[in-house]
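Participant: Handing you this structure, nothing more for now.
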Amino acid sequence: MQAKKRIGLIAHDARKRALREFVRAHAGKFGGHELFATGTTGRMIEKETGIPVRRFKSGPLGGDQQMGALIADGGLDILIFFTDPMTTMPHDVDVKALVRLCTLYNVVLACNQASADFVLTSAYFDGAYERAVPSYEDYVNRAIS
Ligand SMILES: O=C(CO)COP(=O)(O)O
């Protein structure tokens, strides 16, 4: 049985069309899960799928940090973040911080379409595999052992 997942969706402007097409192609798979997104991306996803999305502020206005706070609180399982590798962002530090928190909390992170395809067709997405969530002590103990 498929467990309900908490999924974050974000795309930089140059990658929004790619995310919209990805979500359109997999709309059936997102239903029944809990969706979170930064402001502009969230509006686009809701319009595309009709699935309700919990929307944070727009990325450059703090939305990436709000998504990061959700991760730090243990509230996200998967982040699909179509990043733009060709443009300098005013909120680059926020983007980096968000990716860092995904790494730290072992959140499944897909930054492009191929990875996102893998995630949606994975045993994890289907509920047959559980993601380990490391604690701070895990990192501290690893550092000193
Ligand atoms: O800038 C973003 C992520 O870094 C995305 O923000 P929007 O979804 O508001 O466009």
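The chain as shown is numbered from 1 upward.
Cβ coordinates come from backbone N, Cα and C, glycine included.
Because TrEMBL annotations are produced automatically, they should be read as predictions rather than curated entries.
As listed in TrEMBL for this protein:
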| type | residues | note |
| --- | --- | --- |
| ACT_SITE | ASP64 | active site, proton donor/acceptor |
| BINDING | HIS12, LYS16, THR38, GLY39, THR40, THR41, SER58, GLY59, HIS91 | substrate binding site |
| DOMAIN | 1-145 | domain 'MGS-like' |
Participant: What is the number of residues in the domain 'MGS-like' (1-145) that are helix, strand and coil, as DSSP sees it?
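Facilitator: For the domain 'MGS-like' (1-145), the helix, strand and coil counts are 71 helix, 21 strand, 53 coil.
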Participant: How many Å separate the Cα atoms of HIS12 (substrate binding site) and the residue listed as 'active site, proton donor/acceptor'?
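Facilitator: Taking the Cα atoms only, HIS12 (substrate binding site) lies 11 Å from the residue listed as 'active site, proton donor/acceptor'.
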Participant: Widest Cα span across the substrate binders HIS12, LYS16, THR38, GLY39, THR40, THR41, SER58, GLY59, HIS91, in Å?
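Facilitator: With HIS12, LYS16, THR38, GLY39, THR40, THR41, SER58, GLY59, HIS91 as the binding residues for substrate, the largest Cα distance is 17 Å.
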Participant: From the centroid of the CB atoms of HIS12, LYS16, THR38, GLY39, THR40, THR41, SER58, GLY59, HIS91, the recorded substrate site, which same-chain residues not already listed sit within 8 A by their CB, in sequence order?
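Facilitator: Sorted by sequence, the hits are ILE10, ALA11, ASP13, PRO60, GLY63.
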Participant: Counting only other Cβ atoms and using a 10 Å cut-off, which of the binding-site residues THR38, THR40, SER58 scores lowest?
Facilitator: SER58
Participant: In whole Å, note down how far the CA of ASP64 (active site, proton donor/acceptor) lies from the CA of SER58 (substrate binding site).
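Facilitator: Roughly 8 Å, rounded to the nearest whole number.
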Participant: Counting only residues 6+ apart in the same chain, whose Cβ is under 8 Å from the Cβ of ASP64 (active site, proton donor/acceptor)?
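Facilitator: Listed in sequence order: ILE10, THR38, HIS91, ASP94, VAL95, ALA97, LEU98.
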Participant: Average the per-residue pLDDT over the domain 'MGS-like' (1-145) and send me the rounded value.
Facilitator: 94
